[in-house]
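Okay, structure first, notes after.
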4 protein chains.
Amino acid sequence: MKFNNGKVNEIQIAYIGGGSMYWAKNLIADLALDEQLSGTIRLYDLDYDKARNNEKLGNSVSEYAEAKSKWTYKAYPTLKEALSGCDFVFISILPGTFNEMASDVHEPEKYGIYQAVGDTTGPGGLVRALRTIPMYVEIAGAIERFSPDAWVFNYTNPMTLCTRTLYEVFPGIKALGCCHEIFGTQGLLIRMLRDMEGIEGVHRDDVKVNVLGINHFTWIDQATYQHLDLLPMYRKFVDKYYESGFEHNKDAWMTNTYTAANRVKFDLFRRYGIIAAAGDRHLAEFMPPWYMKDPDTVRYWKFGLTTVESRVEKHIATELYYRKLLSGEEKLPLKASGEEEVRQLKGLIGLQPFVTNVNIPNVGQMKGIPLGAVVETNALFSSSSLRPVYAGELPLAVNNLVLQHTVNQELILKAALQKDKALAFNAFVNDPLVNIDVNQAETLFDQMLQNTKAYLPGWNI
Amino acid sequence: MKFNNGKVNEIQIAYIGGGSMYWAKNLIADLALDEQLSGTIRLYDLDYDKARNNEKLGNSVSEYAEAKSKWTYKAYPTLKEALSGCDFVFISILPGTFNEMASDVHEPEKYGIYQAVGDTTGPGGLVRALRTIPMYVEIAGAIERFSPDAWVFNYTNPMTLCTRTLYEVFPGIKALGCCHEIFGTQGLLIRMLRDMEGIEGVHRDDVKVNVLGINHFTWIDQATYQHLDLLPMYRKFVDKYYESGFEHNKDAWMTNTYTAANRVKFDLFRRYGIIAAAGDRHLAEFMPPWYMKDPDTVRYWKFGLTTVESRVEKHIATELYYRKLLSGEEKLPLKASGEEEVRQLKGLIGLQPFVTNVNIPNVGQMKGIPLGAVVETNALFSSSSLRPVYAGELPLAVNNLVLQHTVNQELILKAALQKDKALAFNAFVNDPLVNIDVNQAETLFDQMLQNTKAYLPGWNI
Amino acid sequence: MKFNNGKVNEIQIAYIGGGSMYWAKNLIADLALDEQLSGTIRLYDLDYDKARNNEKLGNSVSEYAEAKSKWTYKAYPTLKEALSGCDFVFISILPGTFNEMASDVHEPEKYGIYQAVGDTTGPGGLVRALRTIPMYVEIAGAIERFSPDAWVFNYTNPMTLCTRTLYEVFPGIKALGCCHEIFGTQGLLIRMLRDMEGIEGVHRDDVKVNVLGINHFTWIDQATYQHLDLLPMYRKFVDKYYESGFEHNKDAWMTNTYTAANRVKFDLFRRYGIIAAAGDRHLAEFMPPWYMKDPDTVRYWKFGLTTVESRVEKHIATELYYRKLLSGEEKLPLKASGEEEVRQLKGLIGLQPFVTNVNIPNVGQMKGIPLGAVVETNALFSSSSLRPVYAGELPLAVNNLVLQHTVNQELILKAALQKDKALAFNAFVNDPLVNIDVNQAETLFDQMLQNTKAYLPGWNI
Amino acid sequence: MKFNNGKVNEIQIAYIGGGSMYWAKNLIADLALDEQLSGTIRLYDLDYDKARNNEKLGNSVSEYAEAKSKWTYKAYPTLKEALSGCDFVFISILPGTFNEMASDVHEPEKYGIYQAVGDTTGPGGLVRALRTIPMYVEIAGAIERFSPDAWVFNYTNPMTLCTRTLYEVFPGIKALGCCHEIFGTQGLLIRMLRDMEGIEGVHRDDVKVNVLGINHFTWIDQATYQHLDLLPMYRKFVDKYYESGFEHNKDAWMTNTYTAANRVKFDLFRRYGIIAAAGDRHLAEFMPPWYMKDPDTVRYWKFGLTTVESRVEKHIATELYYRKLLSGEEKLPLKASGEEEVRQLKGLIGLQPFVTNVNIPNVGQMKGIPLGAVVETNALFSSSSLRPVYAGELPLAVNNLVLQHTVNQELILKAALQKDKALAFNAFVNDPLVNIDVNQAETLFDQMLQNTKAYLPGWNI
């Protein structure tokens with residue numbers, strides 16, 4: 001990195017999973033929109049050709065007149081080349097194909113287990129973790145060898161276990177897991193301020209929240225806007241909209257299976273007294289099947305079960321659009337993604353310190369959860385420094401729920417590292433969504449492992 | 001206490017629940033059989049007349065020629081009188097009547113939830129805890145005022161929460177919870193030594209076990225007889241008897257609902273690799289309803305669901321027999337109960353140190369479980385001193401199971417102390433046996449609270 | 001508090017020690033210079049007349065044309081009246097008179113023990129703590145009764161033990177200890193940037209430091225200016241000025257006994273590898289008498305031993321000036337004190353979050369030091385919220401030094417609360433400055449207690 | 001090992017330092033006196049010929065008619081051969097020669113620092129540790145490779161750091177440090193029972209003590225004989241003999257520099273309220289030079305400063321005697337050494353469980369001291385199992401003293417492992433005996449390192 005008149009040049013960023021058609025577009029646009037930073041994005045992907053595509057796309061965007069900075073994109077065929085000498089590493093990979101994803105999400109439905117997303121927890125999240133962890137073992141090892149001092153940003157799900165694996169393999173790593181679910185809840189609080197108090201134009205940064213929990217099962221026990229305590233207001237807001245739900249776009253949940261009417265969030269508030277802070281689809285998966293007993297129950301709570309079929313359709317459309325971008329038939333619109341990666345880069349570089357929520361190991365910032373577990377709490381980004389802000393402790397009833405998942409995730413990690421099917425099954429039946437007969441659970445588990453077998457080298461299955 | 005030529009006289013023991021017709025008989029016999037100790041048993045019971053009965057019975061036994069020591073039994077109408085000046089306190093009470101017990105055990109059956117005992121965990125154990133905790137709050141307060149230096153032995157279930165409440169209310173208390181379930185597992189290991197190796201005449205003391213867990217959900221990760229490691233032998237033993245079960249008296253479980261064929265124990269060993277060390281009826285209650293989905297499943301696993309009706313019948317017979325004892329028509333047979341209370345007294349008095357398992361707060365003897373939680377591990381009884389022996393840590397998969405119950409018990413305690421129904425329900429639905437629809441769970445919970453309402457003063461229900 | 005168009009009115013601040021002639025002037029000026037805040041300062045002092053003086057002075061300043069906000073000052077005769085209904089409490093008291101201070105600082109000189117300040121550690125700091133702690137016991141009790149929700153800012157020394165006492169007596173208190181010594185080190189780093197790199201105009205806020213330690217014995221293990229790592233630069237800076245020292249005003253230390261040439265700081269850096277971050281006079285007191293063996297040694301290290309005589313002289317001058325202020329003969333110049341109290345108020349009110357160093361209990365932000373001990377680390381000030389930022393752990397050699405003082409402070413606290421002279425003496429001989437014969441130490445200790453006897457009610461001395 | 005009719009044969013014990021003329025004799029006699037155990041002692045020593053001598057001596061003793069068991073002694077030229085296949089390892093080495101020992105003990109005297117033993121703490125203990133730790137690094141590595149499952153008994157000083165190094169290098173080691181100092185204090189309590197109460201014939205086993213601390217700086221906070229609490233009795237005993245001291249053999253301390261009149265122990269009791277439980281010569285070394293300011297002070301406290309000259313004389317006599325043993329001119333008297341190694345073997349083998357004090361890592365048995373530090377507390381020896389008994393926490397004033405040494409030992413370990421002279425000096429000046437000018441301390445330290453240079457390979461000195 002070179003510093004020059006308030007600008008920072010020659011930043012080296014390795015991007016693992018750099019053949020992506022999704023997250024890459026966001027990154028390219030966000031970087032192009034910032035005028036302080038520039039450098040090289042070193043794209044690495046198992047599919048080298050896809051990395052080459054993004055090399056082409058990224059460099060073409062740098063040519064746009066409206067691009068405020070000119071980044072260089074370059075594909076590398078090996079992790080070693082991509083990582084050596086980089087300042088930052090971004091990891092955003094897809095572990096497996098849609099086939100494995102279809103098994104994760106839909107195989108359990110045969111046993112009456114429904115999942116809205118299936119990438120974090122529940123039977124689907126667990127099996128996805130089993131095949132992702134070996135990939136992260138490899139990545140962590142490569143970072144230790146080739147770029148041990150780099151800051152590593154993880155974007156892959158299951159977020160907690162990916163980040164946890166990085167630290168397990170290379171304890172000296174400087175890694176963080178980044179997720180925007182909290183931003184969505186801040187958005188809901190902004191809409192609440194408008195709805196309940198007529199306060200307009202509030203920026204997300206001005207809604208201060210204390211975050212505790214684990215990724216996709218995060219909670220907010222303190223929320224303020226200026227001097228206003230938002231929790232009492234939220235209680236009234238929940239009372240007002242408990243039955244109807246409260247949506248950005250009315251009834252969007254009926255057609256867009258990625259959205260929800262926040263009824264799960266409201267119900268959790270009534271039961272536990274603090275704000276559950278992730279999308280309803282994610283939250284529902286961490287609880288017993290209260291909200292997902294069957295499709296009717298899901299509809300009652302007004303959220304969508306995202307099918308893999310819908311993901312495939314979306315993918316086909318994206319591929320089409322992406323080809324147009326590559327061919328130059330369409331131009332990538334340069335608008336901010338809403339993610340914080342550029343801001344986080346700037347914080348760590350020393351340009352502008354700030355506080356936001358991240359997934360990092362618990363060094364004591366979250367009481368009630370074991371040290372070393374990856375938790376999601378606020379942290380201070382400052383020059384060469386990422387330091388958790390003390391978050392305190394969840395109410396006992398909520399902490400018990402989070403803790404159950406935390407310790408089960410540790411068991412999943414152990415099972416994956418040891419390639420131990422019996423341990424993995426011990427974790428499987430501990431998941432609150434798996435409340436079926438134990439023998440049926442075993443049949444399901446066996447089938448799911450078979451379906452993902454190609455990604456479980458060394459397992460005895 | 002007075003020491004005289006190796007004997008200890010004038011020991012003062014308060015016995016709360018001293019109107020019992022069951023445990024009292026054991027105590028009276030055990031004390032009469034020991035020649036070193038003598039003193040006074042100060043009987044206290046809510047039903048003073050029953051305490052008077054035991055006064056009469058106890059004193060009559062002291063007159064037996066075969067009684068090796070002469071204890072005095074005396075009923076006291078108040079806790080203050082019973083406790084003041086005592087060296088030891090025994091607590092063994094029945095929280096509520098058979099009516100409440102029937103609700104604890106059988107109301108959940110209407111929703112398909114079966115319980116073999118219903119006094120420790122599960123919906124029954126939880127509700128029993130809610131009505132027991134206030135009684136223990138009162139007892140702990142009285143001990144703090146009237147006999148703060150006494151050693152307090154608890155025998156009431158739910159063992160963990162009773163003991164935990166004593167420490168919560170009076171942190172300086174010197175209390176321990178005593179249970180014989182581990183002895184049963186030691187007995188099984190002795191029978192295994194005979195069956196597998198032809199070794200006869202092994203005394204329970206010679207089977208050394210390392211105990212970890214919580215009462216009725218305890219585990220043994222190290223067991224030796226002399227130099228023999230019993231775990232590999234147990235693995236073969238389980239293989240041999242996994243299907244048939246292994247019983248003291250063949251098929252006893254079919255007629256005696258207090259017994260079991262150890263198949264649950266064997267299945268848990270196969271799944272988790274260490275020895276589950278309590279009766280199958282207790283163990284099954286801590287797991288999801290794998291072993292108690294319905295009566296057929298219970299029969300498959302060869303253990304009994306103890307009905308309250310059977311307890312009532314037993315009670316009537318006991319009452320009849322007890323009247324004969326009181327009238328002198330029958331004589332109490334002086335034979336050792338198999339319990340350890342006399343030995344523990346001697347240890348604490350300084351006569352003979354020894355190591356056994358007890359329920360006391362975790363000061364670090366059990367890693368992986370929060371400090372302060374009541375756990376069951378070995379401890380060294382020595383003069384005026386009860387010190388936990390370091391037990392180490394359960395395998396992760398087992399620790400997760402125990403931890404889930406431990407933190408839920410903390411939640412039950414909090415709910416009981418705060419008389420908070422919502423918190424109590426949060427705990428209720430966390431129990432692995434309660435894997436029914438949340439709305440049905442709420443209906444069941446409401447009904448169970450109604451049924452036990454008389455014992456929940458101050459609750460808003 | 002009332003919020004109105006970005007301003008906050010009717011803030012209620014109780015000021016204990018509100019009869020001060022020193023810190024009060026700073027506060028009055030700082031408040032008058034801020035245009036966002038206004039309200040009432042409720043002055044309480046053991047000497048009510050002095051509080052009345054500040055009432056008069058403060059109100060007169062509010063009349064100044066250049067005062068940007070109009071605060072009301074009002075003296076109250078009782079803690080109860082001053083505290084009831086306040087939002088914030090400031091505590092800045094002088095525990096004892098110059099007589100006791102003279103004993104603290106100079107009595108030990110008779111035994112060859114020199115102290116540069118004598119208000120924090122060493123024999124003087126210990127005895128000062130013994131007489132201050134009972135005052136803080138009273139204050140903490142009053143806050144618990146009359147203003148339990150107020151934020152409490154402590155400014156009195158010994159800072160650590162005053163703050164620690166507040167939490168010991170009222171664990172729910174929201175208290176912080178504020179000290180500007182770190183600012184001085186940031187100032188030194190700014191001057192280093194100018195001297196070594198020719199960088200001008202750096203604002204203190206832009207020098208980011210990670211703070212660890214205890215008040216007046218704080219350390220900086222990470223310091224950056226923008227992207228620059230200041231530690232390697234500091235190493236060269238120390239090499240350059242190790243012998244000569246580096247001063248704001250050359251040779252000021254020779255005439256002004258409140259200043260120093262930073263040679264102690266430089267020597268500690270050479271020995272321990274990180275930046276000692278307090279004035280040399282304070283730092284030297286926490287070490288064995290390396291830097292204060294005798295006055296010649298002190299001169300060698302180029303710092304001053306502040307005599308109580310010089311304090312008395314300063315006091316007389318201040319008194320004179322203060323009378324002129326009171327009479328209106330002179331006007332209080334409105335310039336910023338360099339303290340952060342107004343900024344901290346704004347942070348807690350929700351106007352502008354920021355991060356700075358404070359003294360608060362260790363909830364885990366500083367590894368290697370027991371939980372509950374008061375440490376000095378960074379914390380995030382945000383709306384109704386003060387949350388430590390994780391500071392990590394000192395290098396082992398430094399941590400050992402800090403830990404020795406931390407555990408000795410706990411012993412001093414215990415001795416003071418129990419009024420136990422033997423315990424206090426145990427702590428006394430543990431202090432590294434007390435490296436004299438134990439019998440002489442006892443004589444000295446006895447004499448020092450006698451000298452401060454009027455402030456040790458209930459002690460058996 | 002083979003078990004046969006209550007006997008255990010073919011036990012394999014590696015003895016590192018097996019060329020010893022001292023401890024070997026004890027071991028040979030103790031083993032010969034036990035009729036249950038037999039097997040092979042595999043002698044390893046840097047001086048192979050000396051190991052051969054003990055081979056000869058040991059085998060000759062096995063021929064004695066009065067030897068109850070026949071052990072085989074065999075010298076091995078490499079650690080690999082000695083360790084491979086062994087069940088137990090004993091380590092008792094002399095790190096360096098009398099020359100290095102003379103420097104450890106007497107070089108500091110030139111600066112007014114006196115040491116009674118100089119092998120544990122103080123400047124001598126520290127330098128001895130620096131040269132011993134690399135030897136233990138090698139030993140630990142060899143054990144990990146060649147006998148990872150063996151139980152390892154350490155007898156070398158500095159005990160704490162030797163044991164700590166074993167665990168640092170090979171965390172899975174099953175090592176314990178054994179020391180008889182506590183037995184001496186139990187002996188004193190037995191003599192007290194006779195002196196104060198006329199109770200005769202008490203066996204050491206019947207004096208139950210709770211042990212806390214670090215080797216040679218251990219404390220007893222609970223001591224009982226049957227039901228008698230010995231602490232109040234000890235208080236009176238101290239009052240009676242505070243001035244005169246209390247000795248086994250009157251005025252022995254005047255001629256035998258290995259003995260003491262217990263006055264240091266009595267003074268520590270008066271100051272701290274619990275029993276210091278090691279020889280006075282050891283205890284005095286952990287405190288500031290209160291008891292060893294100069295030889296007169298030492299005489300006042302009635303204990304000896306053991307000179308290296310006296311050790312050399314003793315050595316010459318021993319050598320002479322040893323040659324007679326070897327030649328058969330004299331016979332080794334078979335009497336019990338008073339050590340516990342045979343009993344500990346039997347405990348771990350599964351013959352007879354028992355509780356005694358050992359030096360092992362703190363897993364929580366001693367509150368107030370960091371986890372992982374090696375502490376001396378009671379532990380339960382049982383079949384294949386050594387488990388600490390919870391010891392609780394020292395009174396704060398004592399804990400502070402122990403903690404200071406514990407954390408300094410960690411620093412010494414780090415310095416030794418990193419061969420870092422600056423770190424070692426940081427530790428050196430932290431020792432309470434080193435209360436001299438820091439520059440003088442540096443000169444002394446440099447000289448001591450020079451004197452022991454041959455044993456500090458890789459150091460930059």
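Quick reminder: no glycine exception, Cβ is built from N, Cα and C everywhere.
TrEMBL annotations:
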- C:Asn157: substrate binding site (BINDING)
- C:Cys179, C:His216: Mn(2+) binding site (BINDING)
- C:211-434: domain 'Glycosyl hydrolase family 4 C-terminal' (DOMAIN)
- C:Asp119: site 'Increases basicity of active site Tyr' (SITE)
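Less than 8 angstroms from a Cβ of chain A: among the recorded positions C:Asp119, C:Asn157, C:Cys179, C:His216, that describes none of them.
On the backbone, the CA of C:His216 (Mn(2+) binding site) and the CA of C:Asn157 (substrate binding site) stand 10 Å apart. In this structure the alpha carbons, written CA, of C:Asp119 (site 'Increases basicity of active site Tyr') and C:Asn157 (substrate binding site) are 6 Å apart. Taking the Cβ of C:Asn157 (substrate binding site) as reference, residues of its chain lying under 8 Å away and at least six apart in sequence are, in sequence order, C:Asp119, C:Thr120, C:Gly125, C:Arg128, C:Asn215.
In sequence order, C:Tyr155, C:Met159, C:Asn215, C:His216, C:Asn357, C:Asn359, C:Glu376 are the residues near C:Cys179 (Mn(2+) binding site), counting only same-chain partners six or more apart with C-beta under 8 A. Ranking the recorded positions C:Asp119, C:His216 by the number of CB atoms within 10 A of their own CB puts C:His216 at the top. Averaged over the domain 'Glycosyl hydrolase family 4 C-terminal' (C:211-434), the predicted model has a pLDDT of 95.
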